[in-house]
Amino acid sequence: MILYWHRRDLRGTDNRGLARAVSLSADPVVPVFVFDPIILEHASPVRVACLLEALEGLREWYRERGSDLLVARGEASDVLPRLAAEHDIDAVVWAEDYSGLARERDRAVTAALEDDGVACETVHDAIHHEPGSITPNEGDHYSVFSYFWKKWRDREKREPVEPPAADALADVMGEPLPSRSELGFDEPTATPQSVTQAAARERVTEFCSEPIYRYADDRDKPAIDGTSRLSPHLKWGTIGIREVYEATERAAERAETDDDRESVTAFQRQLAWREFYAHVLAFNPETVTENFSGYEHAIPWRNDPDELEAWKAGETGYPIVDAGMRQLRSEGWMHNRVRMLVASFLTKDLLIDWREGYDWFRRNLADHETANDVGGWQWAGSTGTDAQPYFRVFNPVKQGREYDPNADYIREYVPELEAVPADTIHDWPALESDRRVTLAPSYPAPIVDHGERRERAIAAFEQARGE
Ligand SMILES: Cc1cc2nc3c(=O)[nH]c(=O)nc-3n(C[C@H](O)[C@H](O)[C@H](O)COP(=O)(O)OP(=O)(O)OC[C@H]3O[C@@H](n4cnc5c(N)ncnc54)[C@H](O)[C@@H]3O)c2cc1C
């Protein structure tokens with residue numbers, strides 16, 4: 001028999017790993033998920049809530065087909081050999097995960113299974129083009145996205161994979177899933193969007209029917225639901241990337257204008273960023289904690305604890321920054337434009353190490369994905385590959401005016417400013433303090449002066465670069 005080990009691919013359809021497991025033998029496949037303490041150590045309440053919801057959905061999917069998802073607790077390198085012996089397993093199949101921690105775990109699992117004479121097979125599933133498959137003339141991965149994108153875009157994509165037939169799945173019965181508290185996690189402060197296979201498919205269908213044609217225009221406006229919100233699904237694998245891509249290709253075929261078609265391409269480009277960062281991380285696993293660029297230890301981070309707390313709480317007195325930080329806390333998600341802004345504010349205006357911000361995002365994002373999160377933080381902190389130049393510091397007032405002109409997004413998450421006119425909201429840091437107190441007594445004054453902090457950040461980076 002074959003054991004299929006689900007990890008971050010919590011679905012039955014368009015699952016290359018599961019399809020491979022089914023193709024290996026005429027015997028039915030036994031599906032399993034392992035709650036591994038080594039991995040859970042890096043989890044958080046909101047992500048465990050998403051994981052359990054996705055697993056519940058996956059279990060239901062198997063039960064509708066007369067099978068079940070086995071669940072086990074313990075280190076995967078102990079649990080899988082035990083399950084393999086219990087179910088008389090010849091081979092264990094799983095889909096590759098490219099982070100350093102995952103690869104370390106997978107090496108331990110492979111060694112333990114092979115010691116017991118059980119074969120291991122892995123497939124590439126999470127991204128279209130695996131690390132090492134798109135390379136520059138010299139080196140193992142691209143460091144500049146635009147070059148990567150050109151090759152990624154032109155490369156043929158795989159078709160979605162059919163789900164296995166019901167009789168290819170073993171008639172097993174699993175234990176109930178552990179609860180969040182049994183796994184040792186508190187109730188999350190955020191209520192994240194639903195993360196199931198059905199919700200993912202609904203989201204793709206809806207997004208590709210119409211909003212995708214406005215994506216190029218709307219994607220930077222946080223008050224509009226103009227992006228796909230697929231990130232939690234891609235993180236947990238409740239939808240396959242081939243299925244997503246195919247839906248975008250169908251949308252491109254239905255496009256009526258060049259603008260529509262270009263908008264679809266703009267969306268596909270973002271899918272390519274996800275793969276670019278997966279490649280960067282696969283070949284540079286140390287960048288989870290170290291700067292990608294040379295100036296490790298040279299940047300004089302200040303790490304003021306009060307300023308860090310104000311940033312986390314959404315109490316900086318910069319309305320768009322605070323709106324983003326509060327969206328994160330309440331939904332476990334934040335709009336991309338605002339992620340860039342709050343990350344710039346932390347690393348430049350506050351001169352706080354990007355690792356502090358990464359750690360907060362890691363704990364609070366439902367879609368936290370190591371490659372994208374590290375990539376995003378090192379981009380904003382100007383320490384990454386193809387990063388924001390250190391001298392281009394986002395102005396949170398201008399950005400608020402440009403991308404949330406009516407302050408609808410700000411008012412949604414900062415209710416203290418609900419009755420304040422949009423222009424005055426954007427002017428908030430420059431208002432006289434008496435005026436601020438009259439308008440919104442419970443909303444804070446700006447904790448820093450952006451102009452001064454911008455100069456300070458540029459000087460600090462120049463010093464770190466030896467200029
Ligand atoms: C500081 C910072 C931290 C981030 N952390 C994460 C993270 O932990 N997980 C995560 O998935 N994304 C992260 N991003 C990237 C981006 O903000 C989110 O992918 C996006 O906001 C998710 O919303 P969406 O699905 O509606 O995106 P859409 O705009 O609809 O994009 C579709 C998909 O493309 C991918 N994508 C889009 N933008 C990016 C990007 N800049 N980099 C990599 N992939 C991208 C995502 O998979 C996304 O779901 C981060 C960005 C920054 C600046």
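Easy rule for this one: first residue shown is 1, then count along the chain.
Every residue gets a Cβ built from N, Cα and C, even glycine.
Applying an 8 A CB threshold to same-chain residues 6+ apart, the list for Y277 (FAD binding site) reads A371, N372, V374, G375. Sequence annotations record features per position, and here TrEMBL assigns FAD binding site to Y215, 227-231, F267, 270-277.
Per TrEMBL, domain 'Photolyase/cryptochrome alpha/beta' is recorded for 1-128.
Cβ neighbours of W301 (site 'Electron transfer via tryptophanyl radical') (same chain, under 8 Å, six or more residues apart in sequence): L351, I352, D353. The DSSP secondary structure for W301 (site 'Electron transfer via tryptophanyl radical') is coil. What TrEMBL records for W301 (among others) is site 'Electron transfer via tryptophanyl radical'.
Secondary structure at W354 (site 'Electron transfer via tryptophanyl radical'), taken from DSSP and collapsed to helix, strand or coil, is helix. Taking all protein chains in view, 23 other C-beta atoms sit within 10 angstroms of the C-beta of W354 (site 'Electron transfer via tryptophanyl radical'). Residues or ranges marked as site 'Electron transfer via tryptophanyl radical' in TrEMBL: W354 (among others).
If you look up TrEMBL, you'll see W377 (among others) marked as site 'Electron transfer via tryptophanyl radical'. According to DSSP, W377 (site 'Electron transfer via tryptophanyl radical') sits within a helical segment.
Note: the domain 'Photolyase/cryptochrome alpha/beta' (1-128) comprises 59 helix, 26 strand, 43 coil (DSSP; helix = H, G, I, strand = E, B). Counting only same-chain residues six or more apart in sequence, the Cβ atoms lying under 8 angstroms from the Cβ of L271 (FAD binding site) belong to I241, V244, Y245, T248.
A count of other CB atoms within 10 A of each Cβ picks out W377 as the most crowded of the recorded positions Y215, W377. Geometry remark: L230 (FAD binding site) versus W377 (site 'Electron transfer via tryptophanyl radical'), CA distance 20 Å. Here the CA atom of W377 (site 'Electron transfer via tryptophanyl radical') lies 21 Å from the CA atom of F267 (FAD binding site).
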